[in-house]
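Data block below; observations after.
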Amino acid sequence: MSWQRPDGRQPNQLRPVNFELNFTRFSAGSVLAQCGETKVLCTASIEEYVPRFLLGSGQGWLTAEYRMLPSATQERQRRELLKLSGRTQEIQRLIGRSLRSCIDLQQLGERSITIDCDVLQADAGTRTTSITGGYVALALALNKLIKKGELIQSPLRFPVAAISVGLIEGEAFLDLNYPEDSKADIDFNVVMTGNLDLIEVQGTAEENSFTRSQLNDILDLAELGIKELVSLQNQALSQA
C-alpha cells in the first residue's frame, strides 16, 4: 500500500460514526449524523397532504431537500436563495430516490414526508451521510405515527445507507475524507439496502480510468461499509 491515509485508518475502515437522536424539538424525526468531521442535521417532517398527481390514490410521497450552511466549509459559501446549484439539485434528488426505495408509499397513506438534510460541517461524504442519517430520521418519524395510532405498522421495507469509495494510486479506500476525496482518481458513491442490494451507484473517473476488476473491489468495499453502517443505524434506533 503506497498511499497512507491522513488519519491513519485502514483502507476498509469507516470514519467514526455517531447518530444523536431527537436533536431538534419540533420535527417528527431528527438526528445529527456524524461521519468523521462531516456533520449533517437530518429531519423528517410529515404533512397530511400529497402532490396533486397523487390525490385520491391512497398513496403517500417522500421528497428531500439538501443545503449546506455557508460556514460548513473552510471558505464561506453564499447561501443558495433564488436558484439552487446543479450540485444541490442532484444531491437532493439522490437522497429522495434512495429513501423512497425503502418505504411502502401505499401503506403510508395520503401523507407527505420531507427529509431535510442541512450540512453543518463538510469533510467529504455529505450526500452519503445525508442518506444514512435521513433513513434514521425517517424511521423515528414513522415510529411516532405508530405510537400515536395513525399507522398500524411501519411502512419501512428495509434499511438504507450510503458510503463513498475511491481509488487512490490504484487502491480502493472506504469512506473518503476531504484530502482523500481531492486526491482520488476515481470516486464512487454507493447506496445499498440492509440486505446489500444496490439502490444507486455513482462513479466517475478524473484523469484516469478503472478496470472491471477494480469496480468489483469498489463494490466489495462498499458492502463492508454499508453492513457496518446499517448495524450502527439499528443500534441507534433501538435506543429511541
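In case you wondered, yes, glycine gets a Cβ from its N, Cα and C as well.
Owing to the predicted nature of the structure, the values given are computational and were not obtained by experimental measurement.
Site annotation for phosphate in Swiss-Prot covers Gly125, Thr126, Arg127, and the matching candidate from Arg87, Arg100, Arg157 is Arg87. Counting Cβ atoms from all protein chains shown, Gly125 (phosphate binding site) has 25 others lying within 10 Å of its own Cβ.
Comment: phosphate site residues Arg87, Gly125, Thr126, Arg127; largest CA to CA distance 14 Å, whole number. When each of the binding-site residues Arg87, Arg127 is scored by how many other Cβ atoms sit within 10 Å of its Cβ, Arg87 comes out lowest.
Every protein chain shown contributes to the tally, and the Cβ of Thr126 (phosphate binding site) ends up with 22 other Cβ atoms within 10 Å. Apart from Arg87, Gly125, Thr126, Arg127, the residues listed for phosphate, the same chain places the Cβ atoms of Tyr66, Ile91, Val119, Ala122, Ala124, Thr128, Thr129, Ser130, Asn189 within 8 Å of the centroid of those Cβ atoms.
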